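Taken verbatim from TrEMBL:
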{"type": "BINDING", "residues": "LEU20, ASN27, LYS155", "note": "xanthine binding site"}
{"type": "BINDING", "residues": "ALA127, ASN128, GLY129, GLN130, ALA131", "note": "5-phospho-alpha-D-ribose 1-diphosphate binding site"}
Amino acid sequence: MKLLQEAIEKRGEIINDSILKVDSFLNHQIDCALMEQIGIEFANYFKDKHFTKIVTIESSGIAPAVFAGLKMNLPVIFLKKSEPSTMKDPVYTEAFSFTKNRKYTLCMERSCLNPEDSVLFIDDFLANGQAFISAEDLVHQCNAKINGIGIVIEKSFQKGRQLIEEKGYDIYSLARIQEMKDNKIVWAK
Ligand code: 5GP
């Protein structure tokens, strides 16, 4: 997605060879016009597939997921990193944070998904695929299924895509980074 690639090149910051900071439009401040285009792009790509819900992870997956939800007319569930006292019957899983380099617990209300649900999973970044694996676990604990994966920024030099493809999922990443070196981004073909 050209608009997104331009935003990453102009407004992103390469922290090191494996971490990109995009706080100016996605991870802290949100560029709503860009998010709207992201929502349209996901809706176009997945237009022939059947989904009943979008699932993402708080907090940075919420903006792209909500704009996709608006364009696809789907509700959005965000998985929570801490359990609110109001949750009645949660399902839990352990997750590993790539950027924080530590484990954390993800949870959701079991009644959010049921066996008839066909889920589109959306997230801001794909690195080694650990966030996806944890989300997949929660979706499966509710006996629902994942029918597609939408990623805003994929770092193709890490293991996530291969792991997801080996599981047979349809994955669509809007910007695919092959390499980050000498303060420059090389895009995957
Ligand atoms: P994974 O679980 O695929 O290893 O990592 C994906 C998660 O880690 C995303 O949900 C995202 O929040 C975070 N993440 C991974 N790589 C980056 C990065 O380069 N920059 C930022 N800002 N977040 C990242």
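Using the three backbone atoms N, Cα and C, a Cβ is placed for every residue, glycine included.
Since the structure is predicted, the reported quantities are computational estimates derived from the model, not experimental observations.
Those same-chain residues not listed among ALA127, ASN128, GLY129, GLN130, ALA131 yet with C-beta within 8 angstroms of the centroid of the 5-phospho-alpha-D-ribose 1-diphosphate site C-beta atoms are PHE96, PHE98, LEU126, PHE132, ILE133, GLN158, LYS159, GLY160, LEU163.
One way to see the shell of the xanthine site is to take the Cβ centroid of LEU20, ASN27, LYS155; the remaining same-chain residues with a Cβ within 8 Å of it are GLY12, ILE19, LYS21, VAL22, ASP124, PHE125, ILE153. For ASN128 (5-phospho-alpha-D-ribose 1-diphosphate binding site), the same-chain residues that are 6 or more apart in sequence and have a Cβ closer than 8 Å to its Cβ are PHE98, GLN158, LYS159, GLY160, LEU163. Comparing the binding-site residues LEU20, ALA127, ALA131 on other C-beta atoms within 10 angstroms of each C-beta gives the minimum for LEU20.
Taking a C-beta cut-off of under 8 Å and a sequence gap of six or more, ASN27 (xanthine binding site) has these contacts in its own chain: LYS21, SER60, ASP124. Residue environment of GLN130 (5-phospho-alpha-D-ribose 1-diphosphate binding site) contains 18 other Cβ atoms, counted within 10 Å of its Cβ in all protein chains. Note on proximity: of the binding-site residues ALA127, GLY129, GLN130, ALA131, the one nearest LYS155 (xanthine binding site) is ALA127, by Cα distance. In the three-state DSSP reading, ALA127 (5-phospho-alpha-D-ribose 1-diphosphate binding site) counts as coil.
GLN130 (5-phospho-alpha-D-ribose 1-diphosphate binding site) sits 17 Å from LEU20 (xanthine binding site), taking the CA atoms of both as reference points. Mapped onto three states, the DSSP output places ASN27 (xanthine binding site) in helix.
Annotation for GLY129 (5-phospho-alpha-D-ribose 1-diphosphate binding site): spatial neighbours LYS159, GLY160, ARG161, LEU163, ILE164, criterion Cβ-Cβ under 8 Å with sequence separation of six or more. The two recorded residues LEU20 (xanthine binding site) and ALA131 (5-phospho-alpha-D-ribose 1-diphosphate binding site) have their Cα atoms spaced 17 Å from each other.
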